[in-house]
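Notes for the one structure printed next.
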Amino acid sequence: MTAGSRTVQRGGTAESTAASWPTIAVFVLVAFGLAWAVALPLWITGSGLSSELTTVLVPAMMFTPLVATLTVVFLQRQHATGAVLRRLGIWPLYPLKRTIGFTALAALLVPVILLAGIGLAAALGFVTLDIVHLSGFSAALEAATGGPLPVPVWAIATLQLLSIPIGTAVNSVLAFGEEVGWRGWLLPALLPLGTWPALIMTGVLWGAWHAPIILLGYNFGEANVVGVGLMIVATTLIGVLVGWLRIRSESLWPAVFAHGALNAAGGLVTLFAAQGESVDPILAGPLGAGSWIAFTIVLIVLVLTRQLPHRRSTLGKGSSGSRSAPLTPDRR
């Protein structure tokens with residue numbers, strides 16, 4: 001046993017509790033390198049996000065963490081499919097009730113938090129809402145159709161809200177490409193450092209990975225380091241919640257659906273903004289200040305209720321014949 005690491009005996013096998021930094025470095029380099037490679041055409045053509053390739057390359061970029069995961073799994077010579085799927089939280093789904101319960105919670109909770117963020121943004125004066133007449137949404141629809149709406153705007157808005165679960169399921173296909181890397185492989189790999197450091201580091205890396213498109217103005221309209229910083233703040237806060245879902249459920253699927261719900265409900269503010277209101281994504285967008293406050297409140301509640309304790313987890317470290325062991329207190 002080398003200095004700075006410990007081993008624990010679990011299920012008859014010795015397991016290191018030290019983070020494998022060389023392997024983590026390979027994962028980060030592959031994920032980040034491929035993200036830049038995929039986004040490169042948007043840079044060299046000079047078209048940026050206005051390029052027709054954007055709708056193809058941005059979704060494709062979401063699968064680069066998956067490729068990074070496959071790379072490190074191969075380098076670690078983990079060829080037992082069942083063991084790999086178990087470590088990543090993909091399979092098995094049992095206990096089924098817990099997996100389904102946390103997945104449903106994730107799909108419901110994230111849109112609710114985004115709605116709360118919109119309300120907080122309005123309360124702080126970041127955006128003006130019209131939740132009675134939906135004047136902004138109505139004006140946008142009339143401009144798009146070139147005339148009066150054939151049905152009440154509330155009917156269309158209701159359909160938009162009811163379509164969020166469908167959008168969540170569809171977006172979860174793409175979100176899987178990211179989550180299998182961030183919460184499937186990287187988070188468990190960092191957990192020997194402690195739960196909080198692992199959650200925060202995963203969130204920071206998740207945000208920084210978006211740099212190839214953030215630097216083109218994606219999400220915030222800030223094509224500079226400020227935009228990347230804003231993204232890191234957002235992904236760190238959101239990542240703690242998504243990571244908690246992964247740890248608490250011992251399954252990847254709640255994290256996948258939380259990410260899918262985030263993307264599906266990202267445009268909610270456009271339903272409620274008043275006519276003529278220019279929504280500032282930094283203040284009132286789904287990744288803006290209002291949402292930061294809302295996610296922070298949820299995290300505080302989790303800490304106060306001891307749902308998010310400072311604990312060491314062996315998530316993803318279970319032997320091939322058993323589930324991951326339960327959380328044990330971090331006594332550092």
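Cβ from N, Cα, C; glycine included.
Positions annotated as transmembrane segment by TrEMBL: 21-44 (among others).
Residues or ranges marked as transmembrane segment in TrEMBL: 56-75 (among others). Here the transmembrane segment (56-75) has Cβ contacts under 8 Å with residues 23, 26-28, 30-31, 34-35, 38-39, 41-42, 84, 88, 174-182, 184-186, 209, 212-213, 218 of the same chain, all six or more residues outside its ends.
Annotated transmembrane segment per TrEMBL: 96-129 (among others), in sequence order.
Among the features that TrEMBL reports, transmembrane segment is placed at 149-174 (among others).
For the domain 'CAAX prenyl protease 2/Lysostaphin resistance protein A-like' (168-264), DSSP puts the residue distribution at 82 helix, 0 strand, 15 coil. Here TrEMBL flags 168-264 as domain 'CAAX prenyl protease 2/Lysostaphin resistance protein A-like'.
Annotated transmembrane segment per TrEMBL: 186-206 (among others), in sequence order.
Remote same-chain partners of the transmembrane segment (226-245), defined as residues 6 or more beyond its termini with a Cβ less than 8 Å from a stretch Cβ, comprise 102, 105-106, 109, 113, 179, 182-183, 187, 198-200, 202-204, 206-208, 210-211, 214-215, 217-220, 254-255, 258-259, 262, 282, 287-288, 291-292, 295-296, 298-299, 302, 307-308. Taken from TrEMBL, the feature transmembrane segment covers 226-245 (among others).
Per TrEMBL, the feature transmembrane segment maps to 252-276 (among others).
The transmembrane segment feature in TrEMBL is assigned to 282-304 (among others). Residues 109, 113-114, 116-122, 124, 126-127, 219-222, 230-231, 233-234, 237-238, 240-241, 244, 262, 265-269, 273 of the same chain lie 6 or more positions beyond the ends of the transmembrane segment (282-304) yet place their CB under 8 Å from a CB of it.
According to TrEMBL, the feature region 'Disordered' maps to 312-332.
Positions annotated as compositional bias 'Polar residues' by TrEMBL: 316-325.
Away from its own ends, the transmembrane segment (96-129) comes close to residues 164-165, 168, 241-242, 245, 248-251, 253-255, 257-258, 260-262, 264-266, 268-269, 272-274, 277, 279-280, 283-284, 286, 288-295, 297-298 of its chain (Cβ-Cβ under 8 Å, at least six residues beyond either end). Beyond its flanks by at least six residues, the transmembrane segment (149-174) meets 59, 62-63, 107, 111, 133-134, 137-138, 141-142, 256-257, 259-261, 263-265, 271 of its own chain at Cβ-Cβ distances under 8 Å. Regional average pLDDT for the domain 'CAAX prenyl protease 2/Lysostaphin resistance protein A-like' (168-264) in the model is 98. Sequence-distant contacts of the transmembrane segment (252-276) (same chain, at least 6 residues past either end, Cβ-Cβ under 8 Å): 88-90, 93, 99, 102-103, 105-111, 114-115, 118, 121, 127-131, 134-140, 157, 160-161, 164, 167-176, 178-180, 182-184, 238, 241-243, 245-246, 284-287.
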